[in-house]
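J.: Among the features that Swiss-Prot reports, signal peptide is placed at 1-19, with the record citing sequence analysis. Summarising the annotation, Swiss-Prot assigns disulfide bond to 27-42, 203-219, 334-339, 358-367 and lists similarity to another entry as the type of evidence. Residues or ranges marked as N-linked glycosylation site by Swiss-Prot: 185, 242, 343, 357. Per Swiss-Prot, the feature repeat 'PbH1 1' maps to 187-208. Annotation source Swiss-Prot lists active site, proton donor at 201. Summarising the annotation, Swiss-Prot assigns active site to 223 and lists similarity to another entry as the type of evidence. If you look up Swiss-Prot, you'll see 240-261 marked as repeat 'PbH1 2'.
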């Protein structure tokens, strides 16, 4: 072989080597000081057995489109009294995956004092997502979240599937509080499916948005499947439309279904196209279905106000059992003319201590 040919081949080899993608090991985050460089260089990222320092946010915000992030092993967030969030993920068309056996541990047991976000120890919120363009988060396991677990904001289209949120240790001595599973704002086209939530507050809390599907959820210990609107001074943020809960179970919870409007501010549009289909309940101790237009500053007043009308609440095959001295199957308190087009079928409950109480009676149900 001529010296010239050897030189050509060597140059080609160097060119191929320089074009080779960054090695997998260089795209693994196992130390907090690697986060920024890995996000800047990689599109297939692994977070492996990471310990996040106290008072720091694991900020996985990427400007690249189509990035994949995989959590392996145990990601632990060190204790500090602060507001958080512990974890932030933002991106377009991103995929976030929990590998088999992985867990994100918020160490909530170090914070819980029975007061949640209402006082006592300052507690960090856990997980904040802003994801668009068909992003998918799947098989994520969250353990012992200090306070509100998960916030979805300015997102969609977005799918979350196969999640497991376990804050059940907070049940002991009623120390866990305000541990909402998913709080959702300013989002369009969201699906959450095949997910388990064990907590002490709302399993799902929809505050604003359109075109939501929640399917095959298993919720226990909290406040049920909730819609809560009216707390923002921005009218558009008090809008909810086209929301479906289906094929889900609510166990050992304060409420099964909770729909409430707050009358500090007005909504632009009435709530429409709200559907609960094939919902089973077990051990509900307050209300199986609770619709209230009387909330102010986080509490019911007994005086309903029609600032945000509810026009269209469809319940189909919603059944279950209640328990305890406070239990009531259905409680509806609506302002005059502010509730309409409630069409229910196959709605029945057993074991309640009190009869249903409705200021507006749905078609297909007897209060």
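Using the three backbone atoms N, Cα and C, a Cβ is placed for every residue, glycine included.
Keep in mind that this is a model prediction, so the values were computed, not measured.
Where in this structure would I find these features, and how exposed are they?
T.: For residue 42 (disulfide bond), the number of other Cβ atoms no farther than 10 Å from its own Cβ, over all displayed protein chains, is 22.
Around the Cβ of residue 185 (N-linked glycosylation site), a 10 Å sphere holds 16 further Cβ atoms from the protein chains shown.
Through the fold, the repeat 'PbH1 1' (187-208) approaches residues 116, 145, 148-149, 152-168, 170-171, 174, 176-181, 214-229, 231-232, 236-240, 243, 245, 250, 253, 258 of its own chain, all at least 6 residues removed from its boundaries and within a Cβ separation under 8 Å.
Long-range Cβ neighbours of residue 201 (active site, proton donor) (same chain, at least 6 residues apart, Cβ-Cβ under 8 Å): 116, 148, 177, 178, 179, 180, 181, 222, 223.
All protein chains considered, the CB of residue 203 (disulfide bond) has 31 other CB atoms within 10 Å. Look at residue 203 (disulfide bond): DSSP puts it in coil.
Around the Cβ of residue 223 (active site), 25 further Cβ atoms fall within 10 Å across all displayed protein chains.
Per DSSP, the repeat 'PbH1 2' (240-261) is made up of 0 helix, 19 strand, 3 coil.
Cβ environment of residue 339 (disulfide bond): 291, 293, 309, 310, 311, 313, 332, 360 lie under 8 Å away, each six or more residues apart in the same chain. Following the DSSP three-state reduction, the secondary structure of residue 339 (disulfide bond) is strand.
Spatially close to residue 343 (N-linked glycosylation site) yet at least six residues away along the chain are 313, 314, 315, 362, 363, 364, judged by Cβ distances under 8 angstroms.
Under the three-state DSSP scheme, residue 357 (N-linked glycosylation site) falls in the strand class. Annotation for residue 357 (N-linked glycosylation site): same-chain Cβ neighbours under 8 Å, separated by at least 6 residues, are 328, 330, 331, 332, 367.
When secondary structure is read from DSSP and collapsed to three states, residue 367 (disulfide bond) falls in the coil class.
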J.: I'd like to confirm something. Which of the recorded positions, 27, 185, 334, has a Cα closest to the Cα of residue 203 (disulfide bond)?
T.: 185
J.: Going by DSSP, give the three-state secondary structure for residue 27 (disulfide bond).
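T.: In the DSSP reduction, residue 27 (disulfide bond) maps to helix.
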J.: Could you work out which of the recorded positions (242, 367) has its C-beta surrounded by the smallest number of other C-beta atoms within 10 A?
T.: 367
J.: Using all protein chains in view, find how many other C-beta atoms are within 10 Å of the C-beta of residue 358 (disulfide bond).
T.: 19
J.: Taking every protein chain shown into account, which of the disulfide-bonded residues 27, 219, 334 has the largest tally of Cβ atoms within 10 Å of its Cβ?
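T.: For the disulfide-bonded residues 27, 219, 334, the Cβ with the most other Cβ atoms within 10 Å is 219.
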J.: Translate the DSSP assignment of residue 223 (active site) into the three-state scheme.
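T.: Assignment for residue 223 (active site) reads coil.
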